[in-house]
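Input: a single structure, listed below in structure tokens.
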Amino acid sequence: MAAAVLSGPTTGSPAGAPGGPGGLSAAGSGPRLRLLLLESVSGLLQPRTGSHVAPVHPPIQWAPYLPGLMCLLRLHGTAGGAQNLSALGALVNLSNAHLSSIKTRFEGLCLLSLLVGESPTELFQQHCVSWLRSIQQVLQSQDSPPTMELAVAILRDLLRYASQLPTLFRDISTNHLPGLLTSLLGLRPQCEQSALEGMKACVTYFPRACGFLKGKLASFFLSRLDSLNPQLQQLACECYSRLPSLGAGFSQGLKHTENWEQELHSLLTSLHSLLGSLFEETETAPVQSEGPGVEMLLSPSEDDNTHVLLQLWQRFSGLARCLGLMLSSEFGAPVSVPVQEILDLICRILGISSKNINLLGDGPLRLLLLPSLHLEALDLLSALILACGGRLLRFGALISRLLPQVLNTWSTGRDALAPGQERPYSTIRTKVYAILELWVQVCGASAGMLQGGASGEALLTHLLSDISPPADALKLCSTRGSSDGGLQSGKPSAPKKLKLDMGEALAPPSQRKGDRNADSDVCAAALRGLSRTILMCGPLVKEETHRRLHDLVLPLVMSVQQGEVLGSSPYNSSCCRLELYRLLLALLLAPSPRCPPPLSCALKAFSLGQWEDSLEVSSFCSEALVTCSALTHPRVPPLQSSGPACPTPAPVPPPEAPSSFRAPAFHTPGPMPSIGALPSPGPVPSAGPIPTVGSMSSAGSVPSTGPVPSRPGPPATANHLGLAVPGLVSVPPRLLPGSENHRAGSGEDPVLAPSGTPPPSIPPDETFGGRVPRPAFVHYDKEEASDVEISLESDSDDSVVIVPEGLPSLPPPPSGTPPPVAPIGPPTASPPVPAKEDSEELPATPGPLPPPPPPPPPVSGPVTLPPPQLVPEGTPGGGGPTAMEEDLTVININSSDEEEEEEEEEEEEDEDVEEEDFEEEEEDEEEYFEEEEEEEEFEEEFEEEEGELEEEEEEEEEELEEVEDVEFGSAGEVEEGGPPPPTLPPALPPTDSPKVQPEAEPEPGLLLEVEEPGAEDGPGPEIAPTLAPEVLPSQEEVEREGESPTAGPPQELVEEESSAPPTLLEEGTEGGGDKVPPPPETPAQEEMETETEASAPQGKEQDDTAAMLADFIDCPPDDEKPPPATEPDS
């Protein structure tokens, strides 16, 4: 009749039309449909007057279909809602009527099952007690097993819902549960399984109310522990494991926790006793239970020896399951687990092997039972791992030894079978691999699996054996005539061919009976355990293990895809193929640090795996490809390399802009990436012609800033003099002619600039002499790892500074940092730095550093270049023109945040210090003194100083050439041919600058700082004669600083500094003492001049090379140490 109700309306009205007979409106279709369905079922059981559906069959004929009808009604969600209360009430009446009759009891229970699950709360509370009474009557009636089973299922639902309602919970606990348990205990043996189901529901939902019957329940459960029915035995174990929670807080004078622990110890004692009975005289040193537990009183067994062993085995199995369930089941209170005692039992069981069993008498029977006992022990170990988790790590070594021990015990006879047959002991090995996966899943890399040792090697051997597909036993044999099985010796003209001997018992694969999925379970378990271990412990696994896995997995995947191993191998199963791909992905995601992952081969394999017949396998391969693609080709660039290092160029006031430019965001973006080896990017726009001195490719090595002596002369860009600048030495920008400075910058600027855009050119009027000088870049052949680690936010004096072309001469030789996004002026190359601190500022400054000879005082225009904080490294000299371009033009890769913060504060101090330094230099040389005054005036005297700067540049070039020829001849070859930059800032000091290295000079404060270190170190005899005495001390101080940080000789120190810019920073800090960035207002040219004047007399005495090195080293510390250096120098 339900079909008739759901059928369409009669002709004359469209289906579903509101007015059609039988039609359901859209608004009320759901409730009305449910009502019609309920009435339809009621009509099937008993005709009802006024029903929309007329009865067609007697109710009894529908009895066999009622369970299915109840399921269909649940699918429609018939119950619930006020609209259905009337229909549900009718069903309640029908159910009660049918339950009262023996003939219709089953139909009444079917209706009651629907009512209990679908009735609303009010209806359930109203009828729950009456339904419980009806169920109890059914249990006492000793009806047929199907009826009893349905009644117990309804009882379980009733107790589950009633336990959620406090009123019903109290009522049932006090008045009804004792009678229900008594009825369940009295069921006949045929209904024992139903009785155990009902008892399990009672002890689960009403544990306190069951406490008064705890003794009877325990006896009932124990008597069923050795049942031969697996389902009955499992139910008895589950019920017994819940006994400790029965009763109130105190059960028979014991707390729940104490009761649980006592029960656990009793189980352990009983298991030890049973094990001793099973394998008496087979254990060499049996472990006895030392716990406080008392052995359980089990029913006596029969006298027959064979039967006794089987009954003992059943009891042992049941008690072991009870122990595992107690460990894995939830308990209402925290308890203490005797881990050591449980592990002792497990080790005792697993320690019994076939070698210990005497095959006489009952030995074969004991040997037959042994695998089952080992499985019980492994289940117990699994439950213990789940219960205790990572707290078992102290026993990790024991667990790591147990697994390969069990595999060794059950590995005999596995290779003698032909393909297509299940190997023996596969179930035990599957369980071992499942425990391996669980142990690694719980403890991660701390599990220590496959990380060396004899146990790890043994485990790996078993894993590879179970993963490898079996091979048909084909042997090469000689012709029949050969007696020794070797090749027949005969005429050389008639060689004999080897033939395949398949053996007598081995037929061709097409003629053999076999299981195509044989050993698929153990193979899949081994693959899962191995893939989990590699994924969690891959980097800790030995390199040799990774290579062995690569050699096995990659060819196996290819063979599976080509169908070469699918004949009778476990890889016929899609589950094994899926786990094989999962293992391949784990090898990619967690490779060994010394063994590269097989990425290209894996990508090919995953691509082909997408065409697998199994949807599960193909879907996993697609997901693996997505994962690999995200790793190899990220759609979003990594954070460190994303975005330009410098913000868009913006005009900034010359003196104060540097601090703002140094915003952390600027440092974070691009400078770090640029520090790494810099491939020569597109040429950076430069004002002057770019001489082809050194290969731009050398710029890649630029990032590494280490002492030159340690490295072979880098073939990097030529200095301003046209000499190739060795990787260790950089020429001060003031000394470098603008055109040559641009030489390297044009090629490297894009690379150095995070944005990769060439720096915009600055109007000629903003540059010195109306033309844009080009900075010379120092390129290093070798890139140090520490160089890559240099960050924009580092506090080191070693920094790469990119100055816009528009800036006045960029005195800061220390930083030849790549220009940020698009520096305007041609980049200036940092002056050659002494071996010690050379690395700090070597970062090529492709950025538009103002004329590499930044010594000219003109701070005019955006002299400050504040953003990159070139100021601390000589921004005043180089940052004259581009206050607006600070963000893009000046990048201080190694600059420190402290210097940036202190720049503004020290700007005034640096100016004063520069003035003092200039006065001292005036005493040494009148030209330098005039240059100092010009630097103070910067913009006003800028043009006048250009002529002097050009002359000085020529002298400096000559000195630099000599210096490079002496020490850096190899490096000097690169850019000697470079034409001297046409435009030099007027205030550039003469040839001494290479040694003085304007890095400290860029800002007067830096010069002071350099002078302070110099004073500490003492005057350096190596400084060029043109350099002021202050510069010499600073250079020596720099050298001392390089030496002090590194215990090794100065060359070693230089190498260390070049490799690790942070060490350079420290040196700079020591030498400079002040990381305060010199104010952009102070002309970098002034600083450079002062340094050159101070170092000039001493520099003449020193070797030109040594002077250049010392000067370059002094520059970074000078940035940090403002005026104090000058006094010591003097």
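Cβ atoms here come from the backbone N, Cα and C positions, even for glycine.
Under the heading N-acetylalanine, Swiss-Prot lists A2.
For S13 (among others), the entry in Swiss-Prot reads phosphoserine.
When DSSP labels each residue, the motif 'LXXLL motif 3' (111-115) comes out as 5 helix, 0 strand, 0 coil, counted as helix, strand and coil in that order. According to Swiss-Prot, the feature motif 'LXXLL motif 3' maps to 111-115.
The motif 'LXXLL motif 7' annotation in Swiss-Prot covers 271-275.
Annotation source Swiss-Prot lists phosphoserine at S478 (among others).
Here Swiss-Prot flags S482 (among others) as phosphoserine.
Using DSSP to sort the residues of the motif 'LXXLL motif 11' (585-589) gives these counts of helix, strand and coil: 5 helix, 0 strand, 0 coil. What Swiss-Prot lists as motif 'LXXLL motif 11' is 585-589.
Sequence annotations record features per position, and here Swiss-Prot assigns compositional bias 'Pro residues' to 646-657 (among others).
The compositional bias 'Polar residues' annotation in Swiss-Prot covers 694-704.
Residues annotated as phosphothreonine in Swiss-Prot: T757.
Residues or ranges marked as phosphoserine in Swiss-Prot: S761 (among others).
Per Swiss-Prot, the feature compositional bias 'Acidic residues' maps to 786-798 (among others).
Here Swiss-Prot flags 809-834 (among others) as compositional bias 'Pro residues'.
Annotated compositional bias 'Pro residues' per Swiss-Prot: 845-870 (among others), in sequence order.
The compositional bias 'Acidic residues' annotation in Swiss-Prot covers 896-967 (among others).
Among the features that Swiss-Prot reports, compositional bias 'Pro residues' is placed at 978-992 (among others).
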Same-chain residue ranges lying at least 6 outside the motif 'LXXLL motif 11' (585-589) that approach it to Cβ under 8 Å: 531-532, 534-535, 538, 546, 549-550, 553, 597-599, 602, 606, 624, 627-628
For the motif 'LXXLL motif 7' (271-275), the number of residues DSSP places in helix, strand and coil: 5 helix, 0 strand, 0 coil
